[in-house]
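Colleague: When I checked TrEMBL for this same protein, it listed these features:
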- 1-20: signal peptide (SIGNAL)
- 79-406: domain 'Peptidase A1' (DOMAIN)
- Asp97: active site (ACT_SITE)
- Asp297: active site (ACT_SITE)
- 420-441: region 'Disordered' (REGION)
- 426-441: compositional bias 'Basic and acidic residues' (COMPBIAS)
Amino acid sequence: MTRLSRSLLFFLGVAGVCSASPGALLTPASPSPRSLETRSRSGFLSFPIQQTQRDKPRVSRRQVDDISAPLFNVSYVGYLIELSIGTPGQSVKVAIDTGSDELWVNPDCNDRELLATQRQECLANGRYNAARSTTSSTDKVIGPPTETIQYGIGSVEMEYTTDNIAFPGSDIELDSVQFAIATETDDLNEGILGLSFGNGTNLVYPNLVDELFAQNITDSKAFSVGLGALGSESSGVLIFGGIDTKKYTGDLIMNEIQGPQFARDIHRYYLNLDSIGIDRNGRTATYSGSSAVVVLDTGASFSYFPDSVLRAMASDIGGRYSANAGLYLVPCSLLEQDGTFDFKFESGVVKIPIRDMIIQDTQAQACALAADKELAGSGIDMLLGDSFLRSVYVVFDQTTGTIGMAPYVDCGSNEQPLPATGAKGMKGECDPASSKQDKDNAAGGRLVASYASVWAGVVVGLLGLALV
């Protein structure tokens, strides 16, 4: 259906979180405020990540090549950045996604599948009109002029164009960037900024990550992401070509990005995972069958594990499966307890607080593990989404072929360019001893009362989700 096999493009809630605050092992008691302006210095470009609230969870699917696989994207929060497209500039907000590789704009805000509030959000995100831009052109488009992407729920028909893209708050402008304009969408209310591999790997044209490097804005095809605290409009950050050493603590665990894993697969942010274990109440254990090649995807709300691993994880925290909810229900007391799920990669262990992987509704007094079974039929064994990534600061580096991770902590801001040799050795400046995690603001968070209606029958209809 496309020029090259498509990436793990998810429907969206792009980074919908369903629960959440910051998290790694530790978070500061008082995160520093951050300007909502884009920042640029020599060698890097920094965006504030803006959170947008959703009205209800939505069942959706993630597409892998021509295969549709179930994915429950609970879209309470989306992560957006602002672009200025064309001449004169037209402001458009798009959702960031490390699981896809293309930029497209202009979802149909009048789609009858959207709620009234979703239509309002859609319109508020801005529109791009090529006819109003003096620098828009279809003559420079590389590859087919159109494309249709079909999702399990939702679809988009697109036409490619090129235009200049600038970044509000900076004097940087990219010339003649290729992207797509949606001509028709179904059940999609945000454009997407794909951050995965582009020209020569997944695409026949350069994407935004490629263009930032090619036009000498960044020194490498690298970027770093800290999703930030739930409910904070200014704590999250996306830095192309740079890193903020006051958004994490300790050393970055550096791992090599792995290549395609199955027939017709494409390049993704794959890492080798040696094992998953638990460290709770003085007991440690490692789960059989947890060694896998995993995908890191900021666009997925949940994380996805082999069924046997998921059952063992849930059992160890008192979980029981609800067929109606399609999730494991767990005691809400976990939000007040210590303990970690330990992810052992080739070069080190990432410890994710168990409470950060729990979702809760305060009115319903019900909680669930923000994880599900692996994407059946997708060829992907394991996916680490926001329930994992909220707890870490991540450096994605296509140039060095590495991904670096460290516990997310917000102790201020010290943004600096990433060297072409990568982030290895760039130690986080935050002091974990002075950044004790606030359990009332744990990554599992609490769903606000206005969402209680989606919990049908409290336990039975947890999150209003059903198996597809």
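The backbone N, Cα and C atoms fix where each Cβ goes, and this holds for glycine too.
The model shown is predicted, which means the values in this text are computed figures rather than measured ones.
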Colleague: Looking at the active-site residues Asp97, Asp297, which one has the fewest other Cβ atoms within 10 Å of its own Cβ?
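Modeller: Lowest Cβ count within 10 Å among the active-site residues (Asp97, Asp297) is Asp97.
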Colleague: Pop the Cα-Cα gap between Asp97 (active site) and Asp297 (active site) into the table, whole Å please.
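Modeller: Between the alpha carbons of Asp297 (active site) and Asp97 (active site) there are 7 Å.
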Colleague: Take the domain 'Peptidase A1' (79-406) and average the pLDDT across it for me.
Modeller: 92
Colleague: Reduce the DSSP letter at Asp297 (active site) to three states and note it down.
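Modeller: Asp297 (active site) sits in coil per DSSP, no helix or strand.
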